[in-house]
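Just below is one structure, and these are the notes that go with it.
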Amino acid sequence: MSTASIRFLMCPPTYYDVDYVINPWMEGNVHKSSRDRAVEQWQKLFHVMKEHAVVDLVEPQLGVPDMVFTANAGLVLENTVVLSRFYHKERQGEEPFFQQWFEQNGFTVHTLPKDLPFEGAGDALLDREGRWLWAGYGFRSELDSHPYLAKWLDIEVLSLRLMDERFYHLDTCFCPLANGYLLYYPPAFDSYSNRLIEMRVPEHKRIAVDEPDAVNFACNAVNIDRVIIMNKASDDLKQRLEQVGFRIVETPLTEFLKAGGAAKCLTLRVTESVQPLHHAAATIESRTIQLQGHLLDSGLISRALDLVSEGGGSFQVLNFHLGEQKQSTSSAEIRVTAPSHDVMEKIMSQLIDLGAVAPPQEVCDNPLEIVTQDGVAPDDFYVTTIYPTEVRVNCEWVRVQNQRMDGAIVVSQTPEGVVAECKLLRDLRKGDRVVVGVEGIRTVRKTESREVRTANDKEFSFMGSGVSSERRVELVVEQIAWELRQIRDRGGKMVVVAGPVVIHTGGAEHLSRLIREGYVQALLGGNAIAVHDIEQALMGTSLGVDMQRGVSVRGGHRHHLKAINTIRRCGSIAKAVEQGVLTSGIFYECVKHNVPFSLAGSIRDDGPLPDTQMDLLAAQADYARLIQGADMILMLSSMLHSIGVGNMTPAGVKMVCVDINPAVVTKLSDRGSVESVGIVTDVGLFLSLLVQQLGKLTSPYQLAQIVQTVQ
Ligand code: ARG
């Protein structure tokens with residue numbers, strides 16, 4: 001290409017200054033730049049540019065100081081220009097002047113819908129081979145503008161998400177070079193965008209700069225064939241660029257850095273062409289969703305919007321109806337846009353967990369795919385959560401049965417109608433029709449309470465944590481005691497999951513008492529808790545430690561195996577009770593009071609006890625059966641079994657998790673539901689407080705007596 005055929009547009013800095021702050025570079029620089037020095041630096045750049053191209057000028061205007069940054073005038077491809085719509089009102093005044101220039105110079109001008117920001121060549125850079133367009137979003141330009149670029153310019157658009165506010169325009173951190181090279185600053189982008197870049201630009205063509213070069217705006221460079229014009233580059237960077245055949249021309253632009261711009265920003269290439277081979281559309285997808293609830297008070301709306309942007313998408317709130325009274329709910333319709341189908345699916349499935357729904361008229365059937373191999377789901381299957389879920393079949397919502405997390409949804413036609421059901425992967429059979437994608441799925445969430453819930457509110461922590469007062473501790477245990485009493489008295493179901501620590505910490509007598517008094521309807525654990533409990537009942541030690549005195553008993557380590565051996569001789573725990581061998585302890589009480597228990601085996605089990613289920617699939621099924629219909633699950637220091645239980649439990653079941661390790665508590669109580677309570681404390685102590693509190697509660701029987709006395 002001859003120099004004469006390459007043209008750029010520039011704007012003299014006659015009215016240039018830093019008058020306001022719309023990016024981090026401008027902060028602290030208002031009226032701190034020198035006009036004279038700016039003019040001098042601009043002139044130098046102008047001369048350098050003229051050595052390699054023709055430079056046209058647009059007339060500067062008073063009151064729009066950033067007009068010097070002509071890169072933001074619009075995006076040019078051949079004879080067409082997409083005019084910028086500035087995000088900040090401070091720059092919107094430039095739009096008519098740039099429009100006029102383009103029109104006078106024979107361009108076809110496209111203007112974006114109002115309220116759809118896009119900042120021209122600052123945020124959209126052509127691959128120098130003309131194969132595609134790189135387009136940035138996240139700060140100034142809206143992702144939704146990208147499909148317009150694809151349509152009007154008939155070119156493939158690759159959307160890149162900017163993450164660092166210092167690099168608010170794509171051209172501040174990204175510069176496609178001749179021969180397919182790329183000069184860029186990877187940390188300015190999210191990981192999805194970095195992957196996209198790496199897929200399109202082979203490693204030996206990627207020239208990544210370090211932060212010191214990035215903050216000197218080394219990527220804000222003008223590339224004309226072999227020449228790269230920029231503010232400043234480190235020796236190392238210069239060397240790397242020279243090695244691959246480029247020539248660097250440095251020209252200081254420090255006065256413009258104060259406004260957040262440099263060489264590239266000050267120029268707009270107005271001769272750009274596309275390779276005829278590479279016309280293609282953008283891969284961008286959009287969908288509309290609805291949200292309902294106490295959107296503002298509960299923070300639901302901001303969580304949903306954060307989730308969209310954190311997931312790499314962007315959004316537009318189409319409408320929002322604010323509930324007027326305290327108790328009335330709000331509703332919103334939001335358009336979600338994502339740079340690819342994958343990203344969209346990820347964002348949508350999280351939005352569904354929050355309770356988002358597609359507008360009713362839009363989908364009649366969620367797509368289904370047929371299982372072709374037993375125990376294996378189709379690739380794109382919808383992974384279930386703990387929340388009650390509905391799926392769209394024949395234009396109706398069908399409630400999914402046997403809700404649990406980490407399953408697939410199987411839809412079948414029965415004589416009674418359509419049935420949708422959660423199934424584990426291993427239970428899928430050839431021919432099952434499985435829900436794929438997320439188009440017609442919704443989760444039914446209880447309208448969240450108006451109070452904003454923070455992580456702190458969900459987690460009570462005492463003993464060893466200075467945060468909570470004694471009084472607070474009492475309140476939590478008091479409340480749990482009250483609920484336990486309610487559940488027992490109305491014939492409800494309380495399930496305990498317990499680890500061996502319950503025995504080591506002296507909790508056995510308290511848990512035994514809860515069972516004796518009818519507070520426990522099922523007990524889940526592993527081999528260890530049963531062995532320790534029985535060892536204590538038979539010999540007064542737990543793993544050889546005397547539970548009364550807290551010291552090791554000589555030869556005590558054998559007690560553990562002796563306990564196992566004794567039960568094996570009897571045939572089972574129940575038989576040991578029957579034969580009068582086992583006469584106290586947690587499992588003795590279970591047998592005596594017909595409380596079913598299930599012991600799930602593991603690789604580290606000694607023995608095991610005859611009662612321990614070493615077939616893990618059978619053990620999982622057993623647990624699932626015992627959990628069914630539970631009102632509350634009390635998880636006592638067993639990470640393994642508690643997580644197992646958590647995975648099988650639908651939302652709506654109150655879970656109380658007690659562990660001395662905050663990580664376990666957080667993991668288990670973080671089910672995104674208000675029903676879970678986590679308590680960080682010693683489990684023996686917790687049980688003793690709980691039993692104490694239960695003792696303080698007045699029973700209906702006592703109440704009746706009191707009433708009688710008063711009468
Ligand atoms: N002060 C201007 C702004 O924040 C600087 C624009 C720089 N231009 C660019 N293409 N990066 O909008």
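Cβ coordinates come from backbone N, Cα and C, glycine included.
Summarising the annotation, TrEMBL assigns active site, proton donor to H169. Residues within less than 8 Å, Cβ to Cβ, of H169 (active site, proton donor) and separated from it by at least 6 positions along the same chain comprise A71, N72, E119, G122, D123, G136, F139, R140, L162, C265. DSSP assigns H169 (active site, proton donor) to coil in the three-state reduction, outside any helix or strand.
Cβ neighbours within 10 Å of C265 (active site, nucleophile), excluding its own Cβ and spanning all shown chains: 26. Reduced to three states, the DSSP call for C265 (active site, nucleophile) is coil. The annotation active site, nucleophile is assigned in TrEMBL to C265.
With DSSP states grouped into helix (H, G, I), strand (E, B) and coil, the domain 'LOR/SDH bifunctional enzyme conserved' (286-387) comes out at 24 helix, 32 strand, 46 coil. Feature annotation from TrEMBL assigns domain 'LOR/SDH bifunctional enzyme conserved' to 286-387.
Per TrEMBL, the feature domain 'Arginine dihydrolase ArgZ/ArgE-like C-terminal first subdomain' maps to 388-477.
The feature domain 'Arginine dihydrolase ArgZ/ArgE-like C-terminal second subdomain' is assigned by TrEMBL to 478-690.
In the predicted structure, the domain 'LOR/SDH bifunctional enzyme conserved' (286-387) carries a mean pLDDT of 86.
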